[in-house]
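Chemist: Just passing along the structure, written as structure tokens.
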Number of protein chains: 4
Amino acid sequence: MLILVTNDDGVRSPGLRALALALGEIGDVVVVAPDRNRSAVGHALTLDQPLRAEEIKTDVFAVDGTPTDCVNLGIHGLLSQRPDLVVSGINGGLNVGDDISYSGTVCAALEATLMGLPAFAISLDTSGWNKTDLSVAAQFAKKLALDIINHGLPEETFLNVNIPRGGCSGVELTTQGKRKYSETVIVKEDPRGRKYYWIGGTEAGFVDLSGSDCNAVQRGFISVTPVRTNMTHEKSYIVMQQKLFDCLKDNA
Amino acid sequence: MLILVTNDDGVRSPGLRALALALGEIGDVVVVAPDRNRSAVGHALTLDQPLRAEEIKTDVFAVDGTPTDCVNLGIHGLLSQRPDLVVSGINGGLNVGDDISYSGTVCAALEATLMGLPAFAISLDTSGWNKTDLSVAAQFAKKLALDIINHGLPEETFLNVNIPRGGCSGVELTTQGKRKYSETVIVKEDPRGRKYYWIGGTEAGFVDLSGSDCNAVQRGFISVTPVRTNMTHEKSYIVMQQKLFDCLKDNA
Amino acid sequence: MLILVTNDDGVRSPGLRALALALGEIGDVVVVAPDRNRSAVGHALTLDQPLRAEEIKTDVFAVDGTPTDCVNLGIHGLLSQRPDLVVSGINGGLNVGDDISYSGTVCAALEATLMGLPAFAISLDTSGWNKTDLSVAAQFAKKLALDIINHGLPEETFLNVNIPRGGCSGVELTTQGKRKYSETVIVKEDPRGRKYYWIGGTEAGFVDLSGSDCNAVQRGFISVTPVRTNMTHEKSYIVMQQKLFDCLKDNA
Amino acid sequence: MLILVTNDDGVRSPGLRALALALGEIGDVVVVAPDRNRSAVGHALTLDQPLRAEEIKTDVFAVDGTPTDCVNLGIHGLLSQRPDLVVSGINGGLNVGDDISYSGTVCAALEATLMGLPAFAISLDTSGWNKTDLSVAAQFAKKLALDIINHGLPEETFLNVNIPRGGCSGVELTTQGKRKYSETVIVKEDPRGRKYYWIGGTEAGFVDLSGSDCNAVQRGFISVTPVRTNMTHEKSYIVMQQKLFDCLKDNA
């Protein structure tokens, strides 16, 4: 079994190392990951510039691109055969609620799914890579990988996994929750008198949604959310059919 | 009415200009757009570096960030009040099928929706900005903007609009289709003997899905797809509840 | 006569436009300049990534590289024949004293000289592109260009020209002076609690050196400094011959 | 004695490690180096964006900037006291002839000199970090550092050192030579049909100049060139005084 491992924290992240090590117990692992931190790059794909891939040690490639680039380049350019599974993480910090479309780690799993491969993303609530928590995450990744290999995943679906810090009380199948963000932009002035802006993004907790990933992790459970690649809003589609939108009536 | 306009082709794109001009007929328009082409950056958000915003002419800001940055910074930092609508485009090239999660243009509308604002993205099948086609797109944007202002949009939903080239036969409410990609990575060698890789991404047509955006545009119709911000796969959630995943049974 | 014009403020700078216009009166001008501001990039050359050149209007190329890249690519890739002269500027802000090795504008002239072409860099003491000052600079550039075409420049030498603001009292042949910098780095914390650093670089005046570019401009004169491409310090070479450096005696 | 060590190949380069180790035998070493390869960035200084510095291990800082940034930030922001010496290298590849103004490694030594500190740059003719050669280079760096500490350097001067491969026959005080470059730009087309350009820069040997760094290294000698920070061309200054430049006669 061949497993492609990537992340968005960069090829030297302890989370990636722990993940690759654990998965190495059940298959052959090839790491293709960004050469530096590429957090919050979403599903960005590099089309305007070519990419470089340096094999920094056997079966570990550092790529000067995004996590999505790494999956794409790994599958079509670097791996000798098509992998059986793609795993992205272990991310330093949760990817729950609306965070997931920003997350390079999650979008790497999305990319793999678009290419027809089973995949999951895994993230840990951490600020300093606590060893016990990291081990919980890595061991869970290994078990989940085996489950996926044995039972498969539903079509056009990948899993987004989040691990709480400080030990976990169990595992929950969850839905995507909703983070609250403090909506601020911070304005400053540089030493040459020119303004610059920081996007705030400080977390202000999450909306209390029963069954959500946010709630599960908050209560000390590992959350496992099935995520779709098709973004059509079916219910809104039906609502829209009944809307009185003039422009939707323009048929020649 | 205040309308925030952005795109991913950059602040100097003819598509953006045509859109801002058309929307200027029904409201006050402020443009906040990338200072250069930022296509295919997905939902990337710049958190590690601050942003610059230069007002290159009245109510036109060039930002050294992604489309998502532009929407975020526009709403929280540059506009004097919260806009009533966010419109992203007119993109040079379609954004249909699985393309939409890569598209900076589409993800700008996603960002606005996450912030609770009605939004749509609009893209045109073009390679050289045909004037008639551009005018069709701009006029449709204006009509859709009025419809949204009058009737609102369903919750957690934005619209992804695609305009065919060479005149249109009508408008269709659509679902997200599926592009086929030729799965290739091209390997070359630079003048100093080092390998580099181009992600292929050449289009190989689309899967024939009745009711999809791809099919509508192919047949000469404008497609309007309602897109969701919540990426939970509800059907797969139910499937997963019945899966025999060992790791989902681990509850302390 | 074919003149290649570049700068480091970017292809849309008013300084570049004024320069190209003035030089257009005495020859054919092709502009090859960075697509955005690339100030303070020194003699940086892009070897790891390929470059793009977009002809944004006839004989005006925007390149996604440094000023040095622009000169190199212009001469070897974009121009139909070898130019007779390369002029870089008009830079917004002086390039005097030790600034010149940091300056993308000055290093563009250095690059041209290394390629065997006569060249000069021209900079204006400005913060808002005063029209009269800009016109003084552009007219001086035209006259100097004619002088160079007529009389040539000494070998391995280019000229670094600086124009004072508010009218000029004359022209002086000068030597490179010495700026004083306030030696500071400013430490701040981003919204996510991570430190970042601004390099200070606020000017603290200049050393009073008779005959220097700093002094000339300060007194309202245009300064013209002959700059070398060979950086050997000949006097120090002689001093070093007499130094008691042990390691210089190691001859097998 | 406190020694600041930097380079342009990045903080993880074997050349940097060997240098830091050797200099650690004669003083306290703090490494402040780019977080990735930043070759050929010249004297580029980052003024538009702030910098990050991560202490990846004790007294080893990875900075997301240029070598010049590293020296500036190291001296004014990271080191607890002003260093006694700045050493840049060991660069992978020679920096001789006209290369030196492009070289980030050499310009780091230039930056230190502008700040009034003794400095040298050291480069090795290598393609795969031969251990013996690397050791020769590191040992020479140590001896030169001691010489500089004991005897000082002439004002406004730093040393540019180049080490031949395959053992050395001795040490020579040299002048800056002249590389020949094959003047080419290579044009290609990306998978989407858009042109891109590689700056050629393939070496075509060097001009045969007695006493030059190129010649010394070619003959198997270590070259030591005293390099100036002041770029005035004194001889050309005198020539220019006698030139019939009309524009130099314009004195109000």
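Just so you know, the numbers here start at 1 and follow the chain as drawn.
Note: Cβ is positioned from N, Cα and C throughout, glycine not excepted.
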Chemist: Where TrEMBL shows B:ASP8, B:ASP9, B:SER39 binding divalent metal cation, which of B:ASN72, B:ASN91 is named for the same site?
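Modeler: Candidate in the recorded divalent metal cation site: B:ASN91.
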Chemist: Determine, from DSSP, whether B:ASN91 (divalent metal cation binding site) sits in helix, strand or coil.
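Modeler: Going by the DSSP assignment, B:ASN91 (divalent metal cation binding site) falls within a strand, counted as strand.
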Chemist: Return the binding-site residues from the list B:ASP8, B:ASP9, B:SER39, B:ASN91 for which some CB of chain A is under 8 Å from the residue's own CB; sequence order; 'none' if the set is empty.
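Modeler: Filtering B:ASP8, B:ASP9, B:SER39, B:ASN91 for a Cβ under 8 Å from chain A leaves B:SER39.
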Chemist: By a simple count, how many Cβ atoms lie within 10 Å of the Cβ of B:ASN91 (divalent metal cation binding site), its own Cβ left out?
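Modeler: Result for B:ASN91 (divalent metal cation binding site): 31 other Cβ atoms within 10 Å.
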Chemist: Let's check the environment of B:ASP8 (divalent metal cation binding site): how many other CB atoms sit within 10 Å of its CB?
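Modeler: A 10 Å sphere around the Cβ of B:ASP8 (divalent metal cation binding site) contains 31 other Cβ atoms.
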Chemist: Cβ-Cβ under 8 Å from B:SER39 (divalent metal cation binding site), same chain, 6 or more residues apart: which ones?
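Modeler: Same-chain residues close to B:SER39 (divalent metal cation binding site) (Cβ under 8 Å, separated by 6 or more) are B:ASP8, B:ASP9, B:SER103, B:GLY104, B:THR105.
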Chemist: Excluding B:ASP8, B:ASP9, B:SER39, B:ASN91, please set out which residues of the same chain place their CB within 8 Å of the center of the CB atoms of the divalent metal cation site, keeping sequence order.
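Modeler: Same chain, not in B:ASP8, B:ASP9, B:SER39, B:ASN91, Cβ within 8 Å: B:ASN7, B:GLY10, B:SER13, B:GLY15, B:ASN37, B:ARG38, B:PRO67, B:GLY92, B:GLY93, B:SER103, B:GLY104, B:THR105.
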Chemist: What is the Cβ neighbour count of B:ASP9 (divalent metal cation binding site) at a 10 Å cut-off, with all protein chains included?
Modeler: 23
